[in-house]
Amino acid sequence: KVFGRCELAAAMKRHGLDNYRGYSLGNWVCAAKFESNFNSQATNRNTDGSTDYGVLQINSRWWCNDGRTPGSRNLCNIPCSALQSSDITATANCAKKIVSDGNGMNAWVAWRKHCKGTDVRVWIKGCRL
């Protein structure tokens with residue numbers, strides 16, 4: 001599913017990401033824009049053999065199990081396919097675990113490159129939330 005910007009913002013808010021660990025909703029929407037272009041089906045293979053999945057491009061080496069990543073830790077205890085659903089419950093719950101891991105949203109390269117230090121309110125502008 002390719003989410004609309006405000007549609008994804010609303011879903012993220014519903015799942016408790018707004019101000020989770022101090023990160024406003026705009027940060028999450030911005031990260032999703034640059035990680036996946038709001039596409040829940042997005043996958044990207046990494047040079048280490050792991051794959052990133054879903055709107056927030058969550059990695060199979062650490063966070064989910066795709067059955068093909070050597071030494072996968074699966075710290076969110078989910079199949080990676082759950083991160084590709086149109087229902088973002090698994091993505092939101094796993095993202096909360098990731099952002100609590102010590103580096104905050106710096107865990108997302110796209111967030112560091114495109115969102116960090118910017119006015120992320122633009123990402124929820126005009127949305128009825």
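The backbone N, Cα and C atoms fix where each Cβ goes, glycine too.
If you look up Swiss-Prot, you'll see Glu35, Asp52 marked as active site. For Cys6-Cys127, Cys30-Cys115, Cys64-Cys80, Cys76-Cys94, the entry in Swiss-Prot reads disulfide bond. Annotation comment: Swiss-Prot describes 1-129 as domain 'C-type lysozyme'.
Feature annotations (Swiss-Prot) mapped to structure.
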| residue | record | contacts (Cβ under 8 Å, 6+ apart) |
| --- | --- | --- |
| Cys6 | disulfide bond | Ile124, Gly126, Cys127, Arg128, Leu129 |
| Cys30 | disulfide bond | Trp111, His114, Cys115, Thr118, Val120, Trp123 |
| Glu35 | active site | Ala42, Asp52, Val55, Leu56, Gln57, Trp108, Ala110, Trp111 |
| Cys64 | disulfide bond | Tyr53, Ile58, Ser72, Asn74, Cys76, Ile78, Pro79, Cys80, Ala82, Leu83, Cys94 |
Tally of DSSP helical, extended and coil residues in the domain 'C-type lysozyme' (1-129): 53 helix, 14 strand, 62 coil
Taken over the domain 'C-type lysozyme' (1-129), the model's mean pLDDT: 98
Lowest local Cβ density (other Cβ within 10 Å) among disulfide-bonded residues: Cys76, Cys80, Cys94, Cys115, Cys127: Cys127
